[in-house]
Structure formats: structure tokens, C-alpha cells
Amino acid sequence: MPHRSVTIPQLHQWKGQGRLITMLTAWDYLLAKLLDRAGIDVILVGDSLGMVALGYDTTLPVTLDQMVHHAQAVRRGVESALLVCDLPFLSYHASPQQALGSAGRLLKEAGVQAVKMEGATPGVLAATELLVQSGIPVLGHVGLTPQMIHSFGSLRQQGKTPETAEKILAGAIALERAGAFGIILEHIPASLAQTISQKLQIPTIGIGAGHDCDGQVLVTADLLGLTTQPPPFAPIYAELGGAIATAVQAYCQDVQQRKFSPLT
Ligand code: KIV
């Protein structure tokens, strides 16, 4: 894989050229290095790490300190991919100034190149404008936004009625106007994702949003078969959970039978 550093202007160029963007999540050094070496375009330190790496039921308990800690580890493993990090729940909702302080920590202390915020409320749009004006690129996220789980009531598909679809489209357009460099479209109908992708100049990156986005993202633990309950839209490319169990059982058996001796 030739060495290259992925930049935000390149993502915009790729949209024009029809070259699709690949994005995956990472939460530690080892995984980040594997993804980067495999040639992924964008690595997201997603707050889904709260569920896949920290064992929480939702993303809500994740703190900014935890995101900084994980992003620092991921940064050490990434050479080429563009590195984006989630702002966790309530680290950007109080005011644009709070968002600036939180995002600033991720850039200064962890070396990420952009941040992601969920939703398109007036508060998030104002925060997006301030961050972008301050030199902090922002990735938007509309559709199913897991930090709103208690308002949605579940992690079900969003945008199924004409009214909710219109609201998601309007949110995506507003985020583009506020200066977002791209937008995640999560768990919305494929036809809505296609409409949004056609209307926006900036790239859309889908997760459970059909094939017509400008790129795709997945939670890497789902892709690798490491999660017990992956979302219905997540394809599984490897069964590493089963492979790890088999390896550990073989090791335990060897130890019990005195077959395992690392020094001989
Ligand atoms: O937290 C996360 O991993 C995400 C992706 C699902 C886009 O936001």
C-alpha cells in the first residue's frame, strides 16, 4: 500500500470523482495500526468505544477524558488515515464555547484532525460554525444519533415518514451551510440517503443508509465479528470472536496437558 496522508480537500475531490470513502472506528493503538496499514481512508475514534471497549450499555457515560485517552492511543497507531474523533455526550451541548474547549483538547492533546458532533440542532449548528471558523474541521452526523437514544426510545431506523425525512434532509443542508466538511448518515432509508448525497456538495458517509452515499463507515468490532449483538445493518467480514475463543481454548488445553512451554 503506497504511503499517503488523507486530507479533507482530498475527500471533497473524491466526491467529485466518484471515488468512495472508506472509514472505520478504532479505540486503541493496535487496532488503529492494523486499519491504517490496511489502507483505510478515515479512522474515527467513535464514542461507540463506550459500548465495544468499555462495556457500557449506551454511549452516554463516555467522558471527554476517556475520548482523549483513547484518541491518544489511536493517534500513535495512525500514519496515513485522516483521524476524526467524536465529541461525547454533553461535551458540546451547553454552548459553542464549551464545544470549542472540548474539541480543542482533542486536537491539542490527542492530535486528531477533526471532530464529529451528533445532530443538527441550533446549538450544534452554532458550535459547528465556531469550530470551523477556529480551524477545527467538523464532521456532522444525522439520522440515528445514538446520543439521543432516550429521546428516540430505541436505536431504530429514522426518517421513515415524509416529515422526519424532510427534517433530516434540512439538518444535513444546515450542517453543510454551517461549514461541516462531511456528514455521517446513520440508519436512514437508502432513498433518503441518496437524495441527501445528491443535494450536498460535501461527502456523505453512510452506516445502514444504503449504497448511494459517498462513502461507508462501520464500527470495526461489528465488521470483525467481535460484538455479540451487531446492528441489523452491519455486515460481518470476519468471525474473530469465534477464532479468539478457539485459540484460547486450545491454549488452555495445552497448558493443562503440559504441552505449552514457550522456552523449549
Ligand atoms: O461512535 C461511532 O462509532 C459512530 C459511528 C457509528 C459513525 O458514530
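Including glycine, each Cβ sits where the backbone N, Cα and C put it.
Of the listed candidates (K33, K108, K116), TrEMBL assigns K116 to the same 3-methyl-2-oxobutanoate site as D47, S48, D86.
Cβ environment of E118 (Mg(2+) binding site): V124, H141, T145, P146, Q147, M148 lie under 8 Å away, each six or more residues apart in the same chain. The recorded positions examined here are D47, D86, E186; by Cβ neighbour count within 10 Å, the least packed of them is E186. Neighbour density for K116 (3-methyl-2-oxobutanoate binding site): within 10 A of its CB lie 23 other CB atoms from the protein chains shown. Note: S48 (3-methyl-2-oxobutanoate binding site) has non-local neighbours T25, T59, P146, V219, A221, i.e. same-chain residues 6+ apart with C-beta under 8 A of its own C-beta. Sitting within 8 Å of the Cβ centre of D47, S48, D86, K116, and not among those site residues for 3-methyl-2-oxobutanoate, are the Cβ atoms of T25, L44, V45, G46, L49, T59, V62, M67, C85, L87, P88, E118.
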